[in-house]
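S.K.: According to Swiss-Prot, the record shows the following:
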type	residues	note
ACT_SITE	Glu361	active site, proton donor
ACT_SITE	His392	active site
ACT_SITE	Lys520	active site
Amino acid sequence: MNYKQPLIVKSQQQALSALRNLKMQTQDTHLNQFFSDDSGRFERFSVEQEQLVLDFSKHRIDQNVLNGLVDLAHAQDLTQWIQRLFSLEEINYTEQRAAMHWALRVPEQNQQVLPEITAQVHTQLERMYSLVEKIHAGQYRGATGEVIQDVVNIGVGGSDLGPLMVTHALSDFKVVTAKPLDVHFVSTMDGSQLSDLLHQLRPETTLFIISSKSFGTIDTLSNAQTVRQWLEKALGKNSHVLKHHFIGVSTKPDKMSEWGIAPENQLLLWDWVGGRYSLWSCIGLPIALTVGVDGFKQLLSGAYAIDQHFQTAPFAQNIPVLIGLLGVWNNNFLDIQTHAVLPYDGRLKYFAAYLQQLEMESNGKSTQRSGEKVDSATCPIVWGEVGPNAQHAFYQLLHQGTHKVSCDFIAPVKRYNANHFTYAENAEALIEQHHLALSNCLAQSRLLAFGNQALTADEIEDLPTYKQYEGNQPSSTILLKELNPYSLGMLIATYEHKVFVQSVLWNINPFDQWGVEKGKEIANQLLPILNREQDDLSTFDASTQGLLKILLGKNNG
């Protein structure tokens, strides 16, 4: 890439004006034309960083657009904002907190970066590692003396989505334990997951992790209370049972103690860790239980590698910055306000759901840091599914619908090796299946970009309109050399920093979530009525009153 930071940085308005002009110049240019105009386009618009490769050549940009986007990043002081992120500054200004999730992956031996905080982090991680090794060795026993063989993580949001996603993604790296060990996840407040799960478990051999930053989330505590009653019914109601069957992860040791969790079973967080950024902390206990201590450390190392890349690489070769800038171009200049995440590997089944929270809870904001309303669109709708399944669900809309959609295609270069084969005779067939997934990944991104031009001349001849493809849907392709703990750490941290880049360009705070809070308060007003502890419906709107009457069996219909 040929971009060099200008000697004179443009103002924000100059950078935006230049990009608007470039939009007018390029908006009618099809991706087919971009590629025919530049035979070196892939080399120009792709970046490799250790185990990650980003191909962004199928975006509707040319070199001038990329230069203009980098100018905008400089005009918005992105360099300074990155420095502010990697500091003690309270950039989460609405909650008066720093945003220091990156500190969770600083290596213990690095004494140059906030040594006191690094020491605190590693004290808790070492406590978690000791617990993991004890469970793996079959030395952690329940109240009756039997070895723990099932661990249930009870959490919601960041205490569930991240650990669930990573645990599933790294299923090939599950460690061998002294006795079989299974990890389960429960999040829904309606009890349906618990109802299904408890029938499969034995109280004597089950350990529960109550994972809640505030230790006040009703979803989590209601599930925790249900399993407590289940345990106490089988094993007796005493502190001995609680001590052997519950681990707590929270910023609130006093609340954990009040609930009954023994101090030695409490793993601590800090207010400067946002829930959706917390899988690197002891919230990641289910991950460590699955992949082992070494696997968890590799996950942290991969994220740390991207932290360093994000802080040091020029913007035009900086993967998180590039992904963020391309999203802004699509969203704010090309008016593409929906983004699909399409991993071509079943192990990344929960990755799109994880990114929905990471991106939409972070950047789904309409108020600037100045307190004024934003004057442009912020976070697009993020959605997705494992690619091969999605091809049979919603790709019809991507190819021939009326909505403009940008996509991220994600795939590992290598899938299977000798360690992954249960039976040697499966090897050839499984590798062929991986190649089938890769061929579909490349084919779909090609067809979305080039439309009819991706077809042969024979196919196009006399092709009815309902079989034609317009193309021109932009996409990135992200290749992992292999899906392993290190590369997954890199991938997740890349998206974390993408979110931050976009928040800077939109001038919003990505680390709070006030839109979530009020609904919980209103639910607390409704619960006493549904529990028949109150009966005054007059303060509610007509719709809510009507629905409450049906739920209470008071309707006259």
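From the backbone N, Cα and C atoms, a Cβ is placed for every residue, glycine too.
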S.K.: Just to verify a number: CA distance, His392 (active site) to Lys520 (active site), in angstrom, no decimals.
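M.R.: The separation of the Cα atoms works out to 37 Å.
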S.K.: What three-state class does DSSP give the residue listed as 'active site, proton donor'?
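M.R.: Its secondary structure by DSSP: helix.
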S.K.: Give me the CA-CA distance between Glu361 (active site, proton donor) and Lys520 (active site), in Å, as a whole number.
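M.R.: For Glu361 (active site, proton donor) versus Lys520 (active site), the Cα atoms are 15 Å apart.
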S.K.: Look up His392 (active site) in the DSSP assignment and reduce it to helix, strand or coil.
M.R.: coil
S.K.: Cβ-Cβ under 8 Å from Lys520 (active site), same chain, 6 or more residues apart: which ones?
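M.R.: Listed in sequence order, they are Ile218.
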S.K.: When a 10 Å sphere is centred on the Cβ of His392 (active site), how many other Cβ atoms does it contain?
M.R.: 9
S.K.: Relative to the Cβ position of the residue listed as 'active site, proton donor', how many further Cβ atoms are located within 10 Å?
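M.R.: That number is 22.
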S.K.: According to DSSP, does Lys520 (active site) sit in a helix, a strand, or coil?
M.R.: helix
